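Novice: Below is the structure I would like to discuss, written out as structure tokens.
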Amino acid sequence: MKTTYVNATIVTMNEQNEVIENGYIIVENDKIIDVNSGEFASDFEVDEVIDMKGKWVLPGLVNTHTHVVMSLLRGIGDDMLLQPWLETRIWPLESQFTPQIAVASTELGLLEMVKSGTTSFSDMFNPIGVDQDAIMETVSRSGMRAAVSRTLFSFGTKEDEKKAIEEAEKYVKRYYNESGMLTTMVAPHSPYTCSTELLEECARIAVENQTMVHIHLSETEREVRDIEAQYGKRPVEYAASCGLFKRSTVIAHGVVLNDNERAFLAEHDVRVAHNPNSNLKLGSGIANVKAMLEAGIKVGIATDSVASNNNLDMFEEMRIATLLQKGIHQDATALPVETALTLATKGAAEVIGMKQTGSLEVGKCADFITIDPSNKPHLQPADEVLSHLVYAASGKDISDVIINGKRVVWNGECKTLDEERIIFEASRYKRGLQR
């Protein structure tokens, strides 16, 4: 099946950050086979031609760190620091989850993400009360591209920890698929919730199965103080001593890093998922993304969960990310629009090991989203496309979402998820949780 999308303004995110006016994209099954400008007069025979009527077409956004199973917990822990937020709000409520609640919560997060332009994401879920196979089936049904990882903790007894490791290893062996629509990573929660033995076992699983690692690290000053007091090392050095960086690793946050740590992370191919809104809301601080990029670290933008954000709008994250860097460095050139877009598309895809997506180029997967600026005053005059995408647009502006060549959202309607049912069930299940 070959489909041509014509009469579009195409934000390619290729090496030149080329924007093609009056362009077209040809998709064969799940791949892009041509991207060009001008009237469509290709040598390719196509089955369908779709007039985009001047819409902006850009790569699907890539969310490098989130927790969709927590989507029912939106708004339950506002105005709290990380540790009390986790200990008095999040973990007690997650302990009440059932497989049905977890699926309903996941569906809500998936629906929000895909309708706001996210096509790929990396996720960590707490396995308590969760049917992991049902979660993976739900993500698959959404049509999204994802790395969904089972989180490990050292809560309970040593026997509980051993069982958690065994279950996580089985999960990795079952779901790791580097080039598929769904894959996974090894995901110890953090150095303050995992024992040294558990972190070492996670490193072993990652090496033996050739997977990536995903962990919260260097998120707060308190974490750094506590880990240094307990182990005599800061979190980066401690994680490295446990062997976690033997495989490509994504650290969520990296708010509290010094120059030596940034150089070390770059040398060991440790990538950072940058969560600006969540870090601000939890009072964790502001990550120095400018310094990370200058050190050579791969960085991708992320939302974290709705419980700490409180939405999954990657356009908002792009805008906040670039404004924060300009503000803390008192440098208006810090994190320009092209870089911000890269950190939410091609660069983010590289961070989570999904190089097959993130830009609109021949050979890449057909993952793209559209915005119709014609009826949106906040996107006018419409000729400054890149600026508007970062500084003016929002997830509410999305018209269409194509993932792997399939129309997942079309004219604002999600084709893979039942929006009315999901919203109804989310409210019903939320009322059953006891604070």
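Cβ atoms are placed via backbone N, Cα and C, with glycine included.
Under the heading Zn(2+) binding site, Swiss-Prot lists His65, His67, His216, Asp304, citing sequence analysis as support. What Swiss-Prot lists as substrate binding site is Glu94, Arg150, His189, Glu219, Asp304, and the listing cites sequence analysis.
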Novice: For Glu219 (substrate binding site), just count the other CB atoms lying within 10 A of its CB, please.
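Specialist: Result for Glu219 (substrate binding site): 26 other Cβ atoms within 10 Å.
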Novice: With a radius of 8 angstroms around the mean position of the C-beta atoms of His65, His67, His216, Asp304, what other residues of the same chain does the Zn(2+) site pick up?
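Specialist: Leaving out the recorded residues gives Thr66, Met124, Ala252, His253, Ala273, Asn275, Ser278, Ala302, Ser305, Ser308.
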Novice: Any idea which of the binding-site residues Arg150, His216 has the thinnest Cβ neighbourhood at 10 Å?
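Specialist: The binding-site residues Arg150, His216 were compared, and Arg150 has the fewest Cβ atoms within 10 Å.
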Novice: Tell me, if you would, which residue among His65, His67, His189 (binding-site residues) has the fewest other CB atoms within 10 Å in the structure shown?
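Specialist: Lowest Cβ count within 10 Å among the binding-site residues (His65, His67, His189) is His189.
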Novice: Just to verify a number: CA distance, His216 (Zn(2+) binding site) to Glu94 (substrate binding site), in angstrom, no decimals.
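Specialist: On Cα coordinates alone, these residues lie 18 Å apart.
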Novice: Going by Cα-Cα distance, which of the binding-site residues (His65, His67, Asp304) sits nearest to Glu94 (substrate binding site)?
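Specialist: Its closest listed neighbour, by Cα, is His67.
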Novice: Excluding near sequence neighbours, so keeping only residues 6 or more apart in the same chain, what lies with its CB under 8 A of Asp304 (Zn(2+) binding site)?
Specialist: His65, Thr66, His67, Ala252, Asn275, Asn277, Ser278
Novice: Using a 10 Å cut-off, grab the number of neighbouring Cβ atoms around the Cβ of Glu94 (substrate binding site), all chains included.
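Specialist: For Glu94 (substrate binding site), the count of other Cβ atoms within 10 Å is 25.
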Novice: Using DSSP reduced to three states, classify Glu219 (substrate binding site) as helix, strand or coil.
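Specialist: Where Glu219 (substrate binding site) sits, the three-state DSSP reduction gives coil.
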